[in-house]
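As recorded in Swiss-Prot, the features of this protein are as follows:
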BINDING   Arg7, Lys8, Gln160  substrate binding site
BINDING   Ala71, Met72, Thr73, Ser101, Asn130, Lys192, Ser217, Thr222, Gly270, Ile271, Arg272, Ala291, Gly292  FMN binding site
BINDING   Glu161  Mg(2+) binding site
Amino acid sequence: MDLRQQRKRDHVRLAAAWQERRPPPAAAGPGAGWEDVHLVNHSLPELALAEIDLTTSVAGVRLAQPVVINAMTGGADDVTAINRDLAAVAADLGLAMAVGSQTAGLRDPAVADSYRVVRRVNPKGIVLANVGSDATPEQARAAVEMVEADLLQIHLNAPQELRMPEGDRDFRGRLEAIARMVEEAPVPVVVKECGFGVSRDVAVLLHQAGVRAVDVSGRGGTNFAWIEDRRAGLSDPDPGLQNWGIPTACALAEVAALGLPELDLIASGGIRHGSDAAKALALGARAAAVAGPVLLRQQREGARGVMAYLQQFLTDLRAAMLLAGAGSVAAMGQVPVVVTGFTGEWCRLRGVDLMALANRSER
């Protein structure tokens, strides 16, 4: 059996298993930080739930909803059904969707349909292609063409690669490779971490390279270090490496505080509910992305389960926005937000002005 295809199957199986671990094991470490982020109740919102405007944009591409079905899978025949189900739900709800890493499809045309199915099922939706940071401009263009993508997602995942027995060990030249893809890609580029968090320093480098959007993808969601340790059969994995990364709320807050012009932020990692997404919008994200909870429901209940979950997610997002007094995604970025606990301490030490966040007002 092809090693890459088997790895795809392993990732789906173990990602679903991770989501089912409630409460999470001690090795899971701290969460994404959303429990430390508090929206201030607005008792006189003067808003109607049906009129909450969820439209937003990322890198100049308009999104009907500020929620993205994030990259999960592709590259093996038996995961095609997963992408088919997710694409059908994305089409019905008007959600953008990213495919999983297309390296397998670029190397083996026989599995390319596991990605192409997304565009076939959702011909008018927003689709994100997906390549690694070591891809060439030619590979990036081919990935975009494969799914007729509107955006190109470039993923960063050094901690996962180092835990993977067959993973990369040399990460030199990645920023230069990203800059070349940005220059030559036919669509805007979104750079995405894979659950380990983008720091403000890396965000500056990506911005200087011309990247238009960053998915901070912090710790607190699916733990790919844990997944790779399970795949490798480690009996005593290093907890410091298995729990490596910046919690999502911390990463988002410190990157948003930079105020980098023309750099849109997406938040992912531990976003399980609509209120989590609302908190992400308040901290500066233009959209929130979800993967693990969606995959778990697809594995358990198929497209119907995914549809029910995401419908409730959007309903709860609208409710949280109304209760915070925000009638739009832009307005949500101006409501007061109080950050406490570990997340607050991280932000304070990293120079985020928490007093300004807590005392601002959209009105």
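Keep in mind that glycine also has a Cβ here, set from the backbone N, Cα and C atoms.
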Legend entry - Entry from the binding-site residues list Gly270, Gly292 having the most other CB atoms no farther than 10 A: Gly270
Legend entry - Cβ contacts of Gln160 (substrate binding site) (under 8 Å, same chain, 6 or more positions away): Gly167, Cys194, Gly195, Phe196, Phe224, Ala225, Ile227, Glu228
Legend entry - Rounded distance in angstrom between the Cα atoms of Gly292 (FMN binding site) and Glu161 (Mg(2+) binding site): 19
Legend entry - Residue among the binding-site residues Thr73, Asn130, Ser217 whose Cβ has the most other Cβ atoms within 10 Å: Ser217
Legend entry - Intrachain C-beta neighbours of Ala71 (FMN binding site), sequence separation six or more, cut-off 8 angstroms: Ala98, Val99, Gly100, Ser101, Leu128, Asn130, Gln153, His155, Lys192, Ala291
Legend entry - Tertiary neighbours of Arg272 (FMN binding site) (same chain, Cβ under 8 Å, six or more apart): Val290, Pro293
Inset, instruction - Please list residues from the chain of Glu161 (Mg(2+) binding site) whose Cβ is under 8 angstroms from its Cβ, counting only those at least six apart in sequence. - result: Gly167, Asp168, Arg169, Phe171
Legend entry - For FMN: widest Cα to Cα gap among Ala71, Met72, Thr73, Ser101, Asn130, Lys192, Ser217, Thr222, Gly270, Ile271, Arg272, Ala291, Gly292 in Å: 23
Legend entry - Helix, strand or coil at Gln160 (substrate binding site) [DSSP, three-state]: helix
